[in-house]
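Features reported for this protein in Swiss-Prot:
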BINDING   25, 26, 85, 296, 365, 372, 373  N(1)-(5-phospho-beta-D-ribosyl)glycinamide binding site
BINDING   118, 159, 164, 165, 166, 167, 168, 169, 199, 200, 201, 202, 207  ATP binding site
DOMAIN    123-318  domain 'ATP-grasp'
BINDING   277, 289  Mg(2+) binding site
């Protein structure tokens, strides 16, 4: 594959083939962005009819934590690029695939290994790069966990070292919370059951996602780092419910946020978009986490930017130029399933789309749960406050209903 120079025709011998590992709502948008550039896309997930399966050229259902199954699928499909979109993947298999020269792993196999494990990325950020973070400790057993909580102090945040979307995450405020927090973390971790991170609680003013793009500069042919406008977001139980762009912040805080984002993404290397999560208080900024792929809070960029985070990711991994400029203030608000049922329907769509500046993305997930993210309302506005009000109004208008 000639990075940045040549794209083929899908379903032909000249095809440029990309395999996405994870075909949820974020993967679906990446697939659409790739297909607009004539890329042949193979979508892989652990369950059938995932959102990305519905729009890909080919779809597969496998256990992506099984290294043999993953390697066999890559050998069968022979993609030029493998793009992880979730955490629950056999990353050692990706490293072997990359080392053997079978295909390129985005951004790199090492970056995937580090960022899919909170321990790896925290040690890189705090211990190797010296970035500001909350105090932290790791624990493998309940006794180690209780000792870590005592050392960090109350309140503290507990997370499995491998989980996503707030699963297994809780705040420990007293002795009474310790055992329930351990049980919840054990239930929420995807792999490496039994290992958690305990983090000191930072009193922050707000959280941001600093979307950071590593792409090839067409003028120099070298990798260049660029930034989207900062995204503010509201989290409930570790899962995002609202996001907006741009998040107002001081010039010093923005400078520090981008310096942290640049340093951690440069250490990870490769091409693509990274979602760098940061805490901000006044001019002070702390590193929290980084995802080497589009970020759920970045769904707002479907309305706010000329090139969304998904288009930026697609372009960057293909070696194409990117333009991460903000077009308009915008916001997103999550639409939950509201009930536990397969094949639900949605009412109120007309009312939602009647809100000025509003749009919807209904993800097409085959099964709903009460707190599963099934869609998102987007809205633009003259400013962030207006956009947030419109997005929330549009989301509230959508009513998930039983199709039985």
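Residue numbers in this text run from 1 along the chain shown.
Every residue, even glycine, has its Cβ placed from backbone N, Cα and C.
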Going by DSSP, is residue 201 (ATP binding site) part of a helix, a strand, or coil?
coil
118, 164, 168, 207, 277, 289 screened against residue 365 (N(1)-(5-phospho-beta-D-ribosyl)glycinamide binding site), Cα within 10 Å - retained binding-site residues:
none
Which residue, of the binding-site residues 118, 372, 373, has its CB surrounded by the fewest other CB atoms within 10 A?
372
CA-CA, which of the binding-site residues 164, 168, 277, 289 lies nearest residue 372 (N(1)-(5-phospho-beta-D-ribosyl)glycinamide binding site)?
164
Three-state secondary structure of residue 26 (N(1)-(5-phospho-beta-D-ribosyl)glycinamide binding site) from DSSP?
helix
I need the nearest neighbour of residue 118 (ATP binding site) among the binding-site residues 277, 289, 373, using C-alpha distances.
289
Excluding near sequence neighbours, so keeping only residues 6 or more apart in the same chain, what lies with its CB under 8 A of residue 25 (N(1)-(5-phospho-beta-D-ribosyl)glycinamide binding site)?
51, 299, 361, 363, 365, 373, 376
I need the most crowded of these binding-site residues: 85, 199, 207, 289. Count other C-beta atoms within 10 angstroms of each C-beta and give me the top one.
85
If you draw a 10 Å sphere on the Cβ of residue 26 (N(1)-(5-phospho-beta-D-ribosyl)glycinamide binding site), how many other Cβ atoms land inside?
26
Express the distance between the Cα positions of residue 164 (ATP binding site) and residue 296 (N(1)-(5-phospho-beta-D-ribosyl)glycinamide binding site) as a whole number of Å.
11
Around residue 365 (N(1)-(5-phospho-beta-D-ribosyl)glycinamide binding site), how many other CB atoms lie within 10 A of its CB?
23
Might you list, by sequence position, any residue in that chain lying six or more from residue 277 (Mg(2+) binding site) with a Cβ less than 8 Å away from its Cβ?
207, 208, 209, 287, 288, 289, 290, 291, 295
List only the single closest residue to residue 296 (N(1)-(5-phospho-beta-D-ribosyl)glycinamide binding site), chosen from the binding-site residues 168, 199, 201 by CA-CA distance.
168
